[in-house]
Amino acid sequence: MFYDHQQIEKKWQKYWEDNQTYKTSNNTDKPKFYVLDMFPYPSGAGLHVGHPLGYIASDIYARYKRHQGFNVLHPVGYDSFGLPAEQYAIQTGTHPAITTEQNITRYEQQLRKIGFSFDWSREVRTSDASYYKWTQWIFIELFNSWYNKDTDQAASIETLIKHFEEKGTEGVNANQNEELNFTAEEWKSASEIDKEDILLNYRLSFRAETTVNWCPALGTVLANDEIKDGKSERGGFPVFQKKMMQWSMRISAYSERLLQGLKTLDWPQPLKDSQEYWIGKSQGAQVRFLVDEQEANNQQATANNSIEVFTTRPDTIFGATFMVLAPENPLVENITTAEQKAEVDSYIEETSKKTERDRMADVKNVSGAFTGSYAINPFSGEKMPIYISDYVLMGYGTGAVMAVPAHDERDHRFAKKFNLEIKKVVENDEDVQEKSFDSKDSVCVNSGFLNGLNYNEAKSKIIAEIENKGIGHGTTNYRQRDAIFSRQRYWGEPVPIYYKEGMPYTLPTSALPLELPEVEKYLPTEDGDPPLGNAKTFAWDEANQKVVETDLIDNKTVFPLELSTMPGWAGSSWYFLRYMDPNNDEVFAKKELSDYWGQVDLYIGGSEHATGHLLYSRFWNMFLKDRGYINQDEPFQKLINQGMILGMSAFVYRIEGTNQFVSKNLINEHKTQAIHVDVSLLKGTSDELDTVAFKAWRPDYADAEFILEDGKYITGREVEKMSKSKYNVVNPDDICEEYGADGLRLYEMFLGPLEQSKPWNTQGLSGVYGFLKKFWNLHFNGEVFEVSDEEPTKAEYKVLHSLIKKVVYDIENFSFNTSVSSFMIAVNELQKLKCNKRNILEPLAVVISPYAPHICEELWSLMGKKESIEYVRFPILDEKYLEEDEIEYPISINGKTKFKISLSAQLSPKEVESLVLQNEKMEQILEGKTPKKIIVVPKRIVNIVI
Ligand code: ANZ
């Protein structure tokens, strides 16, 4: 019978939509299971076959869980704010909302064609005002919160204000920009503006002057994870350092919790490692070194001048022979002597041209300048010259180091260049750069009272002594910085803030959403304001609580609104919560529902989000937990990174300077240049170029000539990243057309282990399609559907139950590729057995349905079922069918296998023993003797000693 995949798939996709088969209820007594994909950015290019890989895996898992009786939440949505739609708007004038809408429509069509079991009714789009209303609301909540280190959680800013009113800053233990000191009286008598300014120092979303990564070509600030090798990730434009007033998020308050939380998560180790590295916890000490006043002959130099350093190796302090400050360190001015001033100034000037990234990357070329001053080593008492150098960064630790050239590579290089003393103070200290340096074998030497101690002992003892002397304390540093939150772009969430006397105030939450205004131009204004500065209606009327015309701004009743928008990661930091209650207009998600759905049980997505989305969303989730809106600290319990599907690029070879193209195996005879050609120009699944199509592809190839081999033009093939620019993308729509969505789904899984990257190679598709046809035909006798009610044989049951066992194991271990081969084996065996028994085929359809849902629904209904197959219980494995009838026992005599005997599996060891002894071959070996020992290992082996 013809397997008409096109008609079958259309029919079932319509059925699922009409019957809302995958709509998830919030009210059931079933246990819940939440399966989530990282939602896509709807780009103009549509989906290629690489995109659905993770979605297919999660869909299989979601369907499997439904078969097991879980209430499964498996939603989809779009991360629909972003740069490409805006760049397109700049080029063409088309409003990004229009482009985005079109792209989403295309995505939805493509996704629906693949037969995903999404609950489409829960779709979210981050660029919808009904969604970003809540992104803005979270921003305001962050603004109205501070981090209390005593309780180790965020709290309402009101609690801090109350504290200030009662005790001033005394006893405040907060994560803040800078340490402030004032009394309750001072607080109370401060002006409103001053109070606001003080509070900004503590708020979790705050404004501060920060050095940012400025990308002039994109006209915006970028986060560290949006930059690759000094260039913007999108577009590859150069990025510079610039000081700007920016909105930031106090993620640094959560560093320790983000680190500790990792331990509770079932995530790939490399992903956890990269978050750990990014957070960058270092334990050590902060120590003050006094500047030697006699040498510092600058006017301002006094004995109070001291340099505070952060060191992870206080055990090496006896070996600190000089100091190095970051060139930007404000102390530099105080301690530089008149003679050294010119040299120091010119070095500072030189450094300002380099980005922090360059400074960290360039480890070979040491440079620096002497300040002319000296510090005193508080332990060795020796004088240490003070230098400045760009390898010390102002933004880390205290912006100053005690240099230990014998044990630190950078300090060593510096000492060599400037001819400074190198004093070894630790033996067996080979790996000084290793963060995890913890050598039990290291021993302090030349270190006074530390001599003979190992690293840990020396570290505790010296920190105790530093604290005792009152010159410092043990401390922990984190590399992770606060996250810059402003983008000078149009297509993002407006920040719900207006400015009064230069101070930011939040809009009342009742006024949300603050909608993105219309603008005529998507570029910055002439004054250099972000694109929202072009809006005609974008000002805040405070009394009437509404947005009014920009011209009305008088800074008395009508105030300017914030002109920057939120970064790409804002909307994606909490979308998993919105799916729980997507249409609620009162709260972002009802507490009851976020309690019921809890954590995402399985999250599948790309590893490129390791230090962006996956850190930010953990941070926001922890914050919402602190403020009592949700119940769990961590959003994603289990996470899998799917590998990339690589493209098989195709090349033609042009003879240089001509329009002649040589077939692949003849290129040696010519000087050629390889040129990418679109893989859709190849004939079928072969490497042969359709030369007619090639000529029609581009005007420059219209008069191309070909040098053929055996009458064909053979292209070169190479595995590369799948990308539009390499002309190697394969559109899933074409595959669905030809082999069906079920074929595509099975094939994507069959390509290899989910986590691995693998090339897309269409040659195996026909094999998968062949399997589907065979599976289909098991149910037909010629053209007639025929399934028998006869009881299956043991052999038939064995095929079924072996498959159940395998597939359950595979799905639970996310080994989807091996299931597909098991389906093929099972169907081949059933075909050989000519099995068309209902008691085999019904459960078989259920087992295969998570992978190939359309064909299974069709067969299920042909077998007379009225309801969808989706909620039918997954067949239960019965081990009895797997037991062997006969066992082939190896007979081992004195440790060597001599022969084998087939015996019934039901026999007792005694019966096995006597049958073995009666065996003809055995009798020949024994020659009438009685064996010394016989050991029967049931169902395995018989050992005989003679
Ligand atoms: C003395 C020492 C001896 C150091 C030794 C290391 C090895 P992590 O692990 O990354 O936290 N350091 C401190 N602040 C710095 C800054 N602003 N710019 C550049 N380097 C800085 O690294 C901490 C170590 O890096 C500190 O410990 C300090 O050098 C240096 F055998 O102090 B160490």
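Easy rule for this one: first residue shown is 1, then count along the chain.
Each Cβ is built from the backbone N, Cα and C atoms, and glycine gets one as well.
Going by TrEMBL, these are the annotated features:
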type: DOMAIN; residues: 38-144; note: domain 'Methionyl/Leucyl tRNA synthetase'
type: DOMAIN; residues: 278-466; note: domain 'Leucyl-tRNA synthetase editing'
type: DOMAIN; residues: 716-747; note: domain 'Aminoacyl-tRNA synthetase class Ia'
type: MOTIF; residues: 721-725; note: motif ''KMSKS' region'
type: BINDING; residues: LYS724; note: ATP binding site
type: DOMAIN; residues: 799-910; note: domain 'Methionyl/Valyl/Leucyl/Isoleucyl-tRNA synthetase anticodon-binding'
Students should find that the Cβ of LYS724 (ATP binding site) has, within 10 Å, a number of other Cβ atoms equal to 14
What mean pLDDT score does the domain 'Methionyl/Valyl/Leucyl/Isoleucyl-tRNA synthetase anticodon-binding' (799-910) have in the model?
95
Tertiary contacts of the domain 'Aminoacyl-tRNA synthetase class Ia' (716-747) (same chain, 6+ residues out, Cβ under 8 Å):
5-6, 8-9, 45-52, 56, 59-60, 110, 113-115, 644-653, 664, 674, 676-679, 687, 759-760, 762, 764-766, 768-769, 771-772, 820, 823, 851-855
Tally the residues of the domain 'Methionyl/Valyl/Leucyl/Isoleucyl-tRNA synthetase anticodon-binding' (799-910) by DSSP class, grouping H, G and I as helix, E and B as strand, and everything else as coil.
61 helix, 18 strand, 33 coil
